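In what follows, a single structure is set out as structure tokens and then discussed.
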């Protein structure tokens, strides 16, 4: 083993070699400054607009600083935690924020902002997000009076147990039963099959002491026969308050690691004839009387629950925008300093990635505006509802279903696309992108599988078109169907006569509108053919033709998304959707777009990319995402990405010792056993 | 807290409620048996064919049984390991197989089969996959004689250090230097910048004692000025053989957690003027003489290294097929028993997923056959080469580049598509799909970024087309370009005259061929326009028009993939590629396909889905993948998926105690502090 001497002669020898290297070497940190100079708009003004004003933006950054200094908000070891550490850490963070809100008298909005910044979901998610809201919305006055103080004082921690091993989206298929025993005035909660085991509820595994259990209510009817009244909610205590051990007859556990979200203890739960008092069925809308008479809910109830869904989905759409914004911020900033696979030495990667990243950037803006628009629609609906007007609900429900699907698809796939533009370093957790994607992809499944969501929208669109054709006009986002006859007339042509024409909102949007109308008409046609002349929204005709229906829902949502924001980003979003979403094929097929127009569309698409290129970094800066939130070596605002990777890697658990955890027990017996010949 | 009494009266009360549930309940395990009965072909025969005969298939299953019983091959805790446990476990597995091969005198093929079954990459990957092969291919006879015994006896463990923090695919950009000191006849290895730090090499972090370091060779020329001879390979010892500590001047560490592959200790490495003897430069092709004269490699050298790349990429394509086969096996089997979101109670999910899963199934077969075909091409090339005939190399290189990209894209995206069809349970690691995807996606980046790969293929195609137009015929996979003139003539039309026509190989394949020829012509046209009438394969004209070039490479590879297998699966692959890959838009645009033909194509696509549906389970069974390899609760051959989830979850570390790891320190202080009012 040679001694290591770095004498003057060695340094002198190395000097000219180093000079050769430094001739082509560049420091990454100046790159972003250059890029920022190229922006052709006022980044700060846009940032204020996107963040709800200067005050809100400042508050976000102030909170980020405060949280980074707390023990539970510090993120320096976030990517190195074991499953157990993640679980405990997520809980500590949730309790820390809860405490801060109480001690500093912060608003719920401030609390939500802190939770989004700490970005560490834990065992309290469903206590806050489902247990409390359900008691407020479905509990009787008496039940709210009894349970809310216990919830707000954290005397109990609740979760919401609906999904079962064998039954997810199809709620009517739930197998857990709640059988009323009028002799003791109790419900017997029971899991009659293995597939009736509750599976997935967050916080259920090791945290929650109570749960709202969705179970099929069974009550003996006047005829003495047991009657199934379908799924209802019951408040059940699961764990002993002093020992935290499961109560007798209750089996609980953690369901194991997931693709992401591992700080949450998603759990399983089964019941062996567990009795709860009659009073603990959620009784606001339907009741079981002491003597065992079932009182069904009023019809308006279903409408109310629809409204809740609309709110949740509007929130999902908004979240899709902010999540995609995070991914695009990281990828664009890194591409602006990266020279790895640049075609020519010295050139930056952003040149190569523009065709991928700029459309994603446009989509992030589209989703952000759409989320705001949906919230506004929901607020308006609330006003109408309080006047007893539910007329907007069907459209809201249909629109929110499709948008939930399309927006979460765009974001889930967009994060991965953005990650791939980062090359090898995008595969490192230190880039922040793997964790972001793994935590996000569940959104395409939960709150209604995306394909199922699209089918709900399609059903609405096809019915609306049928209505229009029988003289019944449709209002709201699908109002363009009123003109379907002329829109889809054989002679209908896109007005585009030049490349730049495709930048015009009415041309690009018109193409999306036409594609949407056409897709709905095509789906209706297929359905009519399958149904032997009548529209069947269930059974074989419907189930065998879901592809067309889903295509219609997607086309409709793309058009609606485009309508929500109008500028060059919007045009790029539209053209990219047409080119990659396959919409262009449909437009060529029915002759709305001719060959030369399609060629012009593609040229325009390229020109837009070139035009937007200088604003790429400015547009991501405008999202105003603190480094604390991004927690990414590649997405750092200062662009010093390589130092960032080195600094973050130092904390890797494998680096705790120089020789590593395998030396003593595994490697040494093999290597040290060998003769040392020349080594 | 109520006592838990399950007396006879309670059981009697529950009985009728349970009977109601059981009326619609079904046991999943019979479903697969039913599906298997529906297969219209001999599954076993196909399975033998796919696995290289009965003997090979039996051996695979025999090995699986043996490995499952070893301590290092057991997979029961695989999804629950901490990063450190994964790292140690991966090494134990590699050493266990190494030992088995030696003790039982197994062939290298048997060893490779075992490694693929254990499926636990570790710190020895690059010792086996890069260090040893590099010494064999680039080391002199003397170097091989010295180092190979040390490698094969595991007296040393090597890795291959090329990629740097600042430079990946762009090898000429490497910044590490190896400066020759003729006075001591040593090379001084040095990292002159932070971005020169080696980053990513597998096994480098904590395992390897030695590395082949790619560094820019610097030698003082006759004129006394330092000359840069570009990247060369040097064997450097990194760690002390007795203490495993880094040698003086060597800084090494683990780069931290990644999206996947966390059992491998990818590492970083920097040098501070570290000296190695002159003899440790890899000297087979280029040398530095003791007196400091540089001897450049013979021209044939680059060809030889091209050949190695072709082999590696053929292997990647084969691997893409077998990996997608794993994902599709899991997803199809689960869909065959799943009833979660089924449109009607009792109906299975496979009905809804057919449009997603069957094209993926077709792709898995296409990639499998393509991998075999590429290996055959490579073997043929080896024969030619030994006769001094390198003529097939350009085509092989171009084809392998594009196929590497297209096949890894298909598989990376396909695993995620398959995972999403599994709904919520696909998000659980116990499904096997998250880990499969996370370990695989790196393939779109390493061994050449996919977009860069496509550009190499495009360059070849565009040159070939230019050659054809100047009367120089092209042979090999791009031979269809010889007929480009007639293929792309204004009058050219698809012969499809009926729906079923699209099932004919020549019709579906003809459309792919036309799309490929058209895409290449379009890319050439764009390039000519940008280059002012001449084809420029570098600089701005080339860099600004990569989208068209990449499109051409993708279209070409889709056509080649289709040519490798011809049956109804092939037709589905072709039609799906046309519909979803956007190729149909291009064909409509140039009139090769008319509106009615496009409609027929889509109808045929639907009919193929219906026709293949009964064979879905048979076709995945034919892959012959042991449960041991799949390690998936959802993909179990017996279909007992829900019991599988429960059984596997029991081992979750959070289930080590009933109250969980947060009770004592975190939850108890909050909950137990509360008054016990009614609880």
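Glycine residues also receive a Cβ, built from the backbone N, Cα and C atoms like all the rest.
Bear in mind that TrEMBL entries carry predicted annotations, made automatically and left uncurated.
Listed features, source TrEMBL:
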type	residues	note
ACT_SITE	A:447	active site, proton acceptor
BINDING	A:163, A:202	FAD binding site
DOMAIN	A:160-274	domain 'Acyl-CoA oxidase/dehydrogenase middle'
DOMAIN	A:306-462	domain 'Acyl-CoA oxidase C-alpha1'
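In this entry, A:163 stand out among the recorded positions A:163, A:202, A:447 as having a C-beta under 8 A from a C-beta of chain B. Helix first, then strand, then coil: DSSP counts for the domain 'Acyl-CoA oxidase/dehydrogenase middle' (A:160-274) stand at 6 helix, 53 strand, 56 coil.
If you take the Cα of residue A:447 (active site, proton acceptor) and the Cα of residue A:202 (FAD binding site), they are about 14 angstrom apart, rounded to a whole number.
All protein chains included, residue A:163 (FAD binding site) registers 21 other Cβ atoms within 10 Å of its own Cβ. All chains included, 18 other C-beta atoms sit within 10 angstroms of the C-beta of residue A:447 (active site, proton acceptor).
Taking a C-beta cut-off of under 8 Å and a sequence gap of six or more, residue A:202 (FAD binding site) has these contacts in its own chain: A:121, A:123, A:125, A:126, A:159, A:261, A:264, A:265, A:266, A:267.
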